[in-house]
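Everything on this sheet refers to the single structure shown next.
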Amino acid sequence: RFIAKPCAITLGIQDSGPHRAQPNAILEKVFASITKSPDGKRLEGLSKQLDWDVRKIQRWFRHRRNQDKPTTLTKFCESMWRFTFYLSIFFYGIRFLWTAPWFWDTRQCWYNYPFQPLTSRLYYYYILELAFYWSLMFSQFTDIKRKDFLIMFVHHLATIGLITFSYMNNMVRVGTLVLCLHDASDFLLEAAKLANYAKYQRVCDAFFMLFGVVFIVTRLGIYPFWILNTTLFESWELIGPYPSWWLFNGLLVTLQVLHVIWSYLIVRTASKALVQGKVSKDDRSDVESSSEEEDVTSNSTKGVFSTSSNGSNRLNGHVAGGQWTGE
């Protein structure tokens, strides 16, 4: 309210939503009480009742659905909040871990386990991370539903389960490594979104490319060869197969599977952008673009095919921007 919104207004982002649907009591009643996406049979019936063309009715329902979507200003403020949190918690984690012996030697995570002291800095690091991921768990039910909703739901469950489980079992040393590693790329994606909302396309593309590189290096390189190596092999060697070993590593491996899925989506999105120049619609997006009817009209009047720029998508539970992933 006091920081993000003034920044957005300074950058020229207006608090204006998508095109509003023409007021119509009959269609509004159908939309509110029957269906938001009428089938062909219902469209024909409404067409006869209102003496409207079917394509006009389709356009009305599309505008009405998009009417409830958040504005660019709202999305900018949310992204700025997330960017602030991710950047702050990442630097807090790096500063804390830089002097921690297990950051340089992962075998230190298991020496004297489970009799390892819990310092106040480590405690607050854990509590902040846990609180944030719980907030994401709840907010995903009120956000726009995405096609990767189930993947994100599993991710949040696994993350919260890992944070809670590692804290209860005093596996906080290796837990801090996992948390810091995951925070390394998230703020870059939020930065790309902010640049996209402000229409700084080149800055957006640069941040998204950097995000993709950091994401793949950390999630497909460092995570399996550094984190999983110590939890699967070094822990087995130093303290043996403790009772919760299978559950703990099962959750960590689940995260690795999700990393592979998201890395594939990032690479595919970037590949499309390099080949086509831009990506008009992300495969996982459920946010609707402007109607095809409007595009055809624009084509007939201007001689060009007008493509929508308000499609939306999500990578790792967040929306990516620019020509890489049309938002």
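Numbering starts at 1 and runs along the chain as displayed.
Heads up, the Cβ atoms here are built off N, Cα and C, so glycines get one too.
In TrEMBL, annotation is done automatically, which means it is predicted and not curated.
Since the structure is predicted, the reported quantities are computational estimates derived from the model, not experimental observations.
The feature compositional bias 'Polar residues' is assigned by TrEMBL to 301-315.
TrEMBL lists 27-71 with the feature domain 'Homeobox'.
The annotation domain 'TLC' is assigned in TrEMBL to 74-275.
Long-range contacts of the transmembrane segment (83-103) within its own chain (CB-CB distance under 8 A, at least 6 residues past either end) are made by residues 109, 121-122, 125, 128-129, 132, 173-174, 176-177, 179-180, 183-184, 186-187, 190-191, 193-194. Under the heading transmembrane segment, TrEMBL lists 83-103 (among others).
Sequence annotations record features per position, and here TrEMBL assigns transmembrane segment to 123-142 (among others).
Annotation source TrEMBL lists transmembrane segment at 207-226 (among others).
According to TrEMBL, the feature transmembrane segment maps to 246-267 (among others). If one looks beyond the transmembrane segment (246-267) by at least 6 residues along the same chain, the residues whose Cβ comes under 8 Å of a Cβ in the stretch are 151, 154-155, 158-159, 161-162, 165-166, 169, 171, 178, 211-212, 215-216, 219-220, 223-224, 227-228, 231-232, 283-284, 315-316.
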Per-residue pLDDT averaged over the domain 'Homeobox' (27-71), given as an integer: 81
Tally of DSSP helical, extended and coil residues in the domain 'Homeobox' (27-71): 32 helix, 0 strand, 13 coil
